[in-house]
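Features as listed in TrEMBL:
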ACT_SITE  THR198  active site, nucleophile
BINDING   ARG226, VAL227, GLY228, ASP229, THR249, GLY250, SER251, GLY252  substrate binding site
Amino acid sequence: MNTNAVIAIHGGAGTILRASMSASVEADYHAALHAALAAGQRVLADGGSALDAVSEAVRLLEDCPLFNAGRGSVYTAAGTHELDAAIMDGSTLEAGAICCVKRVRNPILAARRVLERSEHVLFTGEGAESFAAAQGLEFVEPEYFHTEARHRQWLLARDRNRAMLDHDGATFAASSFATNNDDPAPREPIDPNRKFGTVGAVALDLHGHVAAATSTGGVTNKQVGRVGDTPLIGAGCYADDATCAVSTTGSGEMFMRMVAAYDVAAQMAYRSVSLQEAAHDVVMNRLPKIDGRGGLIAVDARGNIALPFNTEGMYRGFARHGEMPVTAIYR
Ligand code: ASP
């Protein structure tokens, strides 16, 4: 039994500016991260697989409207939602992913079914939805994904006629998520730092296997049909028992060009560097060279974890076997 079992999660790199974050919104984020970690930790403690633990943690984060995945996803340029997700099992190198789905309640569960029940790895759009329907997964009306905060964020991005990474309108989101807030107007202009949503989980189970899962609504005001790094194995999600499991968040186009998740694993395999060193190099050295902003979470088969980000913050946390979950937002 590998008692180094651990789960780590993220809810996006880039956060609401500290100055704009109210105590109650901050507490809501910590509570949501804590709940997802505790659920994943329970799966691991019961002897469940890393794959089950990351599926469950990401499913919960998808259901939480605070994060840009599942309910609470950002809007496309057409005022719709298109969701992407991927999952990978480090013990078998099996993977499943879906992109551009509009009505699947939990994209991560669809990705999981692709991993388990399809000979293919990635389904898109209509084909992904037909596959999910045939698997008996839950479908919802598009309005299910709507939140006031993301809708206003989209209107802002649309008026400026540009795509915007989630949390660009972070102050917006902060004011909209705040309870008892009777001032719906944003208090500050859009943060010039790019901000990202997306959720992910990586885990090492008691049997010594790792897995990774990532899910997103993408970027605000993205063109219809745009696919980012999240559902691409090697870019936004990767897992191999021999090296590590990785889930990313950030400017998807740059993470794709850097094959960011796989690069962490490849550096460990080919350069024999530690998880920490490989993850740091990708996030702090390689991605910034092409203006790639964001972060990642990673775990190796010995239970080491790395949670680097090059943005102001990253919603994140980890829970080791038998210990209290730890959550954090800022540096
Ligand atoms: N990486 C995601 C994408 O480009 C965005 C994010 O992490 O918020 O779709």
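Backbone N, Cα and C atoms are what each Cβ position is placed from, and that goes for glycine too.
Any TrEMBL annotation is an automated prediction that lacks curation.
Given the structure is predicted, the values throughout are model-derived calculations rather than measurements.
Positions of the features from TrEMBL, shown on the structure.
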residue: THR198; record: active site, nucleophile; Cβ within 10 Å: 37
residue: ARG226; record: substrate binding site; Cβ within 10 Å: 18
residue: VAL227; record: substrate binding site; Cβ within 10 Å: 19
residue: GLY228; record: substrate binding site; Cβ within 10 Å: 27
residue: ASP229; record: substrate binding site; Cβ within 10 Å: 31
residue: THR249; record: substrate binding site; Cβ within 10 Å: 35
residue: GLY250; record: substrate binding site; Cβ within 10 Å: 30
residue: SER251; record: substrate binding site; Cβ within 10 Å: 23
residue: GLY252; record: substrate binding site; Cβ within 10 Å: 29
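The substrate-binding residues named in the record, ARG226, VAL227, GLY228, ASP229, THR249, GLY250, SER251, GLY252, extend over a maximum Cα to Cα distance of 16 Å. Rounded to a whole number, the distance between the Cα atoms of THR198 (active site, nucleophile) and THR249 (substrate binding site) is 6 Å.
Checking each of the binding-site residues (ARG226, VAL227, GLY228, GLY250) against THR198 (active site, nucleophile), the C-alpha distance stays within 10 Å for GLY250. Among the binding-site residues listed (ARG226, VAL227, GLY252), GLY252 have a CB atom closer than 6 Å to some atom of ligand 1, in sequence order. Mapped onto three states, the DSSP output places GLY252 (substrate binding site) in helix.
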